[in-house]
Amino acid sequence: GVGFKAGVKDYKLTYYTPDYETLATDILAAFRVXPQPGVPPEEAGAAVAAESSTGTWTTVWTDGLTSLDRYKGRCYHIEPVAGEESQFIAYVAYPLDLFEEGSVTNMFTSIVGNVFGFKALRALRLEDLRIPPAYSKTFQGPPHGIQVERDKLNKYGRPLLGCTIKPKLGLLAKNYGRADYECIRGGLDFTKDDENVNSQPFMRWRDRFLFCAEAIYKAQAETGEIKGHYLNATAGTCEEMIKRAVFARELGVPIVMHDYLTGGFTANTSLAHYCRDNGLLLHIHRAMHAVIDRQKNHGIHFRVLAKALRMSGGDHIHAGTVVGKLEGEREITLGFVDLLRDDFIEKDRSRGIYFTQDWVSLPGVLPVASGGIHVWHMPALTEIFGDDSVLQFGGGTLGHPWXNAPGAVANRVALEACVQARNEGRDLAREGNEVIREASKWSPELAAACEIWKEIIFEFEAMDAL
């Protein structure tokens, strides 16, 4: 072959292109790279670009049958990480044609499928992705989005309230449905299947769906509000998952649920399409996320998983709590909360946002705060997350000394008090405890909740730590 020279080659000759001007259609990635000792950062960055696009370890003669320049990933910028020795941020640009339209699965297979086991790297973390409108427009995205959800539920101007039914495993379907009814009758908008409630011997999915639907209809009739229970449709096969979603639709309930990481992006996208076609809202749980995102120097940051979910489709997704954690993490969390909700998000490194992201018309996702929160956190949660969020109190509802319904009442009263105080111009960050105390004077349910949880106000680590 003309110009074909066999042998192993330096990646950086082909894949490190510091002069490259990124295109509006490129998918851009920011990797945190920790090279092995003796490997220069340019070579490591180029290796990442190569292995996640067209490269292989040696020159192959079939390279001559295509235009590598058109299809290769390019490492176009490298910067050291402040305060970390031998860590670098490598920026890689991928041409759009490397990816199948409308497939988060293919996007991840390409970008993170192979390169993380690469020998020249000690560790590698995908910190952020810039999804160009040319690509995001090939996705349906969330089945409904924030505004349509509010219109379907007829609930405006406040966060929504939820509760995970506990104990998560072992209840019989009828008792489960009863706990569900008590919570939504007391004032919550939603109750939730735990992520590992699928269809176990002690409670098969169909029984649970029936009793929860009964709870929803009874509570709706008594309160005049629209209620829901996140019926977990996650299953062992895609076909079984869709079967469960179909049954939920036949019962006329408003929302189903999916574990998108354990279930997989292909299953999740199928379910999201079904939900849009059939008017079901879709609640997403992120079970398994910490396996991928917890290590600071290896894996994938949750903001990337959140962007992927917005493309694949979901109306709610769990996003940590912020409360009782460090200030810095608060900014990072709010960064990906904005990436979930807003149409246009400016690059802001202090919030971990490496690229300006323009979602154009892709609907937004409601962030869900859950994990170790209770009534004393309500002012902080209202302040931090704003109206477009779901606040979920599992133990913070079911752990009420007077039981489930009063627990739900306490949470609803606390929320309404915080929203009213905020609307009157009071500063929840400063006066939050006072707002809760005032409300508890006329709500015995809230007073009892305040009493039982006063010891642990703000002094614990949230269970949902990133």
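Quick reminder: no glycine exception, Cβ is built from N, Cα and C everywhere.
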Among HIS77, HIS229, HIS318, which residue does Swiss-Prot annotate as binding substrate at the site that also has ASN114, THR164, LYS168, ARG286, SER370?
HIS318
CA-CA, which of the recorded positions ASP194, HIS285, ARG286 lies nearest LYS166 (active site, proton acceptor)?
ASP194
Pull out the binding-site residues from the set ASN114, LYS168, HIS318, SER370 whose C-alpha sits within 10 Å of the C-alpha of GLU195 (Mg(2+) binding site).
LYS168
For ASP194 (Mg(2+) binding site), the spatially nearest of the recorded positions ASN114, THR164, HIS285, ARG286, SER370, using Cα atoms, is THR164
Between SER370 (substrate binding site) and HIS285 (active site, proton acceptor), the C-alpha gap once rounded to whole angstrom
11
Spacing of the two Cα atoms, LYS168 (substrate binding site) and LYS192 (Mg(2+) binding site), in whole angstrom, works out to 10
Taking the recorded Mg(2+) site as LYS192, ASP194, GLU195, identify the other residues of that chain whose CB atom sits within 8 Å of the mean position of the site's CB atoms, giving them in sequence order.
THR164, ILE165, LYS168, ASP193, ASN196, VAL197, TYR230, ASN232, MET257, HIS285
Could you say which of the recorded positions LYS168, HIS285, ARG286 has its Cβ with the most other Cβ atoms inside 10 Å?
HIS285
